[in-house]
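K.L.:
Here it is, the structure, as structure tokens.
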Amino acid sequence: MTSSRVLHLADLSAPRLGTSTREDEPWAFESREFLRQLAVGKEISFTSIHSLPSNDDIPRDLGNAEIGGVDLTTELLKNGWAKLKEIKREATEDDNKNKELENEAKAGGKGIWNPHGQTARAVRHTMPVDSQSFVTEWKGKPLDALVEQVRDGTTLRVRLLMPDGDHQMVNIALAGVRSARASSKQGEPSEPWGEEAKFFTESRLLHRPVKVQILSLPNSTATPFQTSAVTTTPPPASIFIGTVIHPAGNVAEHLVASGLARVVDWHAGMLASGGAMERLRAAEKSAKERRLCLYANGPSVTSAAKGSNGAASNGQLRTFDATVIRIWSGDQITVLEKDNNNERRLQLSSTRGPKYRSSLPNAFFAQEAREFLRKKLIGKNVKVHIDFVRPREGEFDERECATIRYGGHGANIAEQLVEKGLASVVRHKRDDEDRSSDYDKLMAAEQLAVTEQRGIHSGKEVPAPKQPLNISETSSRATQFLNGFKRLGRIPAVIDYVAAGSRFKTARNSSEKSEPFGAEAYDYASRKYMQRDVEFEVDSIDKSGGFIGSLYVNKSENVALALVKEGLATIHSFSAETLPWARQLYDAEVGFPILKAYAMLIEEAKKAKRNIWSIYDEETSKAAEAAAAVESQSGPLKTEYLDVIVSDVRTKNGFAFSVQVLNTQGIAALEKLMREFSIHHRSSIASPPGFVPKGGDLVSAKFSDGAWYRAKIRRASPIKKEAEVTFIDYGNQDTVAFSDIRPLDPQFRSLPGQAQDARLRHVICAFSTCFIKLTCFVKLAGPESDYHIDAVERFRSICEGRKEGPLLHLRLIDPSNPAVAEDSLACINADLVSEGLASIDRKGCKYLSSYPQVVQKLRASIAEAKRDRAGMFEFGDVEEEEE
């Protein structure tokens, strides 16, 4: 290692350069500049007259020096850039010669003797006060500079020669690289290879003219996921990040190629333009292969390239074409390999998307990132390159990390995400090669997003997105939207969840068993339609609140037709019967083209024996269908006897009533609850401030009898300050003012409501509010009949507040009627018929013939009514007209 020495030229005095505490002396920079241009970088020979005390362990000498046979003292005096010190010894011949040179320079007005004075300039020896403004003004612009000091291999102090003539001293860290630290204090050890790196830079740059480009402050002013923008002015920076270009090239690249500095990943964003980062990576690779300096003891570089097309560490293909079938988040997707239909869940390499948790300030951007990926990739063909496989760790499964490109130009989707501020780049550990193959481009994209304050770097506190409203939560809730959806026709939507392929059941765990081809139907539907933009039309709703209708992809592709064509669906009889074109759906001979298409596709799938049709036996199927039809039309239904009480009869909006099942446990629990409920409401209980009941809420409400009961809000009007409620234990309905409604205390919520809504289907045909079907084989006089009111009132007088039996498909039996003990077929059904207030429901009840004794009893009752001209038969036989 070459040692350093300081030589003071004997008998000369030159103007001194300033520091942070004093100004430059006149002509100091020009004097130093003359000597710098004359001497720096050239071989010198010197004669030491005597030694001076060392400074920081660097020897100092007093003497004379020559460069190429030219005496430095003579040149300085001759050009007026130094003057002789006062000599207290006897003058020698050399002293007299030097005095003559000084006098000649004075006479000629050279150098410091110039009578016109030096050019005025400001020299700022400290870093700019407003560091960010300085970087913004000069970022990327080449500035002439002189290297004043080398602190270590990659940290310099330079004198910027500003365009206006002023000088600005700044500290520069070389962008993209970092060397080992060199000792700055006596006795302090340097890091390995620190001194070598310092000498490498010092020997090439110290006091050399260079071009400097300021690129950035050490830390970005905006960071990913910050909660607010920076509003206060930061303190002056102690150093800038930039490039220093010598006429021989970028010293950073030479340092890395010599193995004396490592590449700094997070500077990649500053160096992306012009290929600077790629050159640094190539230099680092070369140094590693040759095991130079810092890499002398590093692992050998294998010949197998990381980006080869072979297998990844988990044995799967490293590079392949695929189709994106699901977006999990802003940095995770699932793809389907084209060659083997293998599903693979992938993490975007070196990319981290915002989290969905609503407590985080960037939950909004998490949804934005996911939606960006969905619009760009879902259903699209992509090229996948597995960069590395992150092994299983703790509760985290193994994860394949990949670079994913799409489109004709092979755009990197991760780079686009980061550039829009919808993801950040992972900072990997030094020498961690498990990273994106486009890592430097990702860093450049993030730098752009930070600079322009996009997305997560904006500092804006955007409210978290609201959770989607589930309008299919209950049938009553879905009903409120049914007519509106029908009027809208086709409605644009996005499929967010696939429960099953049309109607096949798939196993949810190992203990369950899927229906035949249920898993295949589910896979087909989820892969083709998950997260796709679709349109849907609504026809009706099912009992659980699900909407029944048509679904279209790409404007024209009918999802139902596609499932049928693939042999993964058949016509669903129940929903088909609700359609106005049900008959055409089956025979497909006339009517809508789509019905013919159904039939044609089913026949095509049957012939090709696709999926469910591969195990289809036509003869066996027809026999089973015939048997099922006979059973459904004429088979007797299961009879079950339960005690109930008809607790309420209503005629508003049609005919409906409520019943309570009289089992000991339920009634006892209700009686106990009502006692406690009454005690609870004896005290003055005020509603919470601002309480406004909403549809579906469970509340305490005061009935017209002045008592409080449990109730459920059907609908509420904040304008009228009243709500329509149903008292869930008795079935009564009423309109109650907000002042008589309180939130239901949690202690009274455990017992289910004891009243069940019901209607007499096949009994009173015009009444449509049905939740429990009570079949009596008869129908009351309809609303168009003069005897409708009499029929309802008679039913009320017989049943309301009375115990009845059996429930569901039933006959209503009055236990207080003496005839019941003598005639097992005596019932309220027959009583209503005999009084001319109801007739036999021959069309509405398909299984009527399964009960011949009941039919005989009803026919006898209707004959009695006609004979006595009772009720609706007062003026003749009207039974045939109603049929």
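Placed from the backbone N, Cα and C atoms, the Cβ positions cover glycine too.
Keep in mind that this is a model prediction, so the values were computed, not measured.
Annotation comment: TrEMBL describes 1-115, 141-297, 318-459, 498-615 as domain 'TNase-like'. Per TrEMBL, the feature domain 'Tudor' maps to 691-751.
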K.L.:
Quick check for me: are there 3+ Cβ pairs below 8 Å between the domain 'TNase-like' (318-459) and the domain 'Tudor' (691-751), leaving out pairs under 6 residues apart?
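P.N.:
When sequence-distant Cβ pairs are counted, the domain 'Tudor' (691-751) does not touch the domain 'TNase-like' (318-459), since fewer than 3 lie under 8 Å.
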K.L.:
Kindly say whether the domain 'TNase-like' (141-297) and the domain 'TNase-like' (1-115) touch, using the definition of 3 or more Cβ pairs under 8 Å where each pair is 6 or more positions apart.
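P.N.:
By the criterion, they touch.
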K.L.:
Averaged over the whole of the domain 'TNase-like' (498-615), what is the pLDDT?
P.N.:
70
K.L.:
Helix, strand, coil residue numbers for the domain 'TNase-like' (318-459) per DSSP?
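P.N.:
Within the domain 'TNase-like' (318-459) the tally stands at 38 helix, 49 strand, 55 coil.
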K.L.:
Just to be sure I understand, if DSSP states are collapsed into helix, strand and coil, how many residues of the domain 'TNase-like' (1-115) fall in each?
P.N.:
38 helix, 31 strand, 46 coil
